[in-house]
Amino acid sequence: MMTEINSFLAEKGIYMLTVILFFLGMFGMATCGNYMKKLMCMNIMQIAVIFFFLCLGQKSGGTIPVTISGLLSSDDYINPLPHALMLTAIVVSLGTTGLGLALLMRVKDKYGSIEEEVVIKKGDEEK
Amino acid sequence: MMKGNKKKVAGMMMLVFIVIICWGLIDLLPTIGDPDSAPNTHISKVFIEEGPEQTDAANLVTGVLADYRGFDTFLETTVMYLAGFAVAMVLSNWLRKHWNADIFRATESFGGIDVKVTMPFIILFLLLYAAYVLFHGEVSLGGGFQAGALIALAFILYTLIGNLELNTVMLTQHFAVCVGGIGVMIYGVTGLLPLFYGGKFLEYSKLPFYVEETAKLHSIGIIFIETGVTICVMATIITILEAVLERNSLYDDRNK
Amino acid sequence: MQAFLIEAILLLFLIAITIVIILNKDLLASVIIYCVFSFCTMLLYIMMGAPDVAFTEAVIGVISTIYFVIAIRTTDRWCK
């Protein structure tokens, strides 16, 4: 029973949950009326993508990618390439969050609200 | 009425996408943990087997990040710097010389513990830890990005406890942007230096330092660029924080 | 071998947190729950054998929460 669950999770289950998380983030970005909530949902979507990349680098029976004397075969270590790529992606996501918040504050200055409906209505009135 | 419909349509579309991907496309992906899957075979074998000797970094992630994919990291650092620069540009229409972070300032000591006495010790050890993470990034876990974020966290804690006598630590917003540029410049100059000695961009083995083995030159180059990354990340985080805080204090003044 | 089950439970927890964030009307509460989200992600990364990424996520999650909190102070706290 336990081995069946594990093999199902390894083949499909984890990917399914990641896909659900990704589309939940996308759903939040599409439907939430508040810009700050949209930004949070964007971060969630980003984390789903990062997690997907880390799934691809997994190796059963491998240790963390720091060399230990005596182990030099490539099957003993987890693939370090997705880790290096995703590490920079996480840090850059902080930059995008900050820039998004800055733009949001300008929106609040100009339109007096960060609700999507109010901003669109005021933009129409200005025309 | 409109809003409910929109939510329903979006939810249905997401469900359809989820079902299509789960039943049709997941079979194409490799099993998690399979050592012979496509991402684990081609180039990553070379990285793992020859990385420790070629780059002289025991931490394979740092070796890949700073050496094999150094050009990639260079541009990521530039993107980080540009994000801080853009925040400073976007929020710079309200000019003012001095900012004060009233939101974070806790002048009252809480619960019998004086924050101003205890916090400097925490900040001290946080900075020590950041230096450890930076210089041991190639041997153990850590690296430039984490060290920069830790130093920025120390700065945030410093802002939290309000004005101390250590006014020299204060980085204003415009100064912090310049410091971020210096971080990117350190990275770029380290990359350009081998060009004058017959190497390629970011080829550490042609760096003009005298050492016994060529592999040691790689670790020197990695430490240089990690320092650049640290300075850039730290300055960017501080820039964004101060731009937003400055806006906060001005907003308070306007609403008084 | 048990690791996949733990990962699946953590992922289910993340999905539940996401639903709470989307449905919540208090933005400040949403941000604090987002902090919980990033720490759960950190546990997940450690389970995947990526301690470097987990370290980064731990530090960056705290800093992005601080950004959100100080941005909420200037903008609205409640959403429709």
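Every residue, even glycine, has its Cβ placed from backbone N, Cα and C.
Here TrEMBL flags B:12-32 (among others) as transmembrane segment.
If you look up TrEMBL, you'll see B:41-91 marked as domain 'MrpA C-terminal/MbhE'. Sorting each residue of the domain 'MrpA C-terminal/MbhE' (B:41-91) by its DSSP state yields 44 helix, 1 strand, 6 coil.
Marked as transmembrane segment by TrEMBL: B:78-96 (among others).
The annotation domain 'Na+/H+ antiporter MnhB subunit-related protein' is assigned in TrEMBL to B:116-238.
What TrEMBL lists as transmembrane segment is B:117-135 (among others).
For B:141-162 (among others), the entry in TrEMBL reads transmembrane segment.
Look at TrEMBL and you will find B:174-197 (among others) tagged as transmembrane segment.
Annotation comment: TrEMBL describes B:217-245 (among others) as transmembrane segment. For the transmembrane segment (B:217-245), same-chain residues at least 6 beyond its ends with a Cβ under 8 Å from one of its own Cβ atoms are 54-57, 62-63, 66-67, 70, 73-74, 77, 80-81, 83-85, 87-88, 90-92, 99, 101, 103-104, 134-135, 137-138, 143-145, 147-149, 151-152, 155-156, 159, 171-173, 176-177, 179-180, 182-187, 190-191, 202, 204-205, 207, 209, 211.
Residue counts for the domain 'Na+/H+ antiporter MnhB subunit-related protein' (B:116-238) under DSSP (helix as H, G, I; strand as E, B; rest coil) come to 93 helix, 0 strand, 30 coil. Note on the domain 'MrpA C-terminal/MbhE' (B:41-91): its mean pLDDT in the predicted model is 86.
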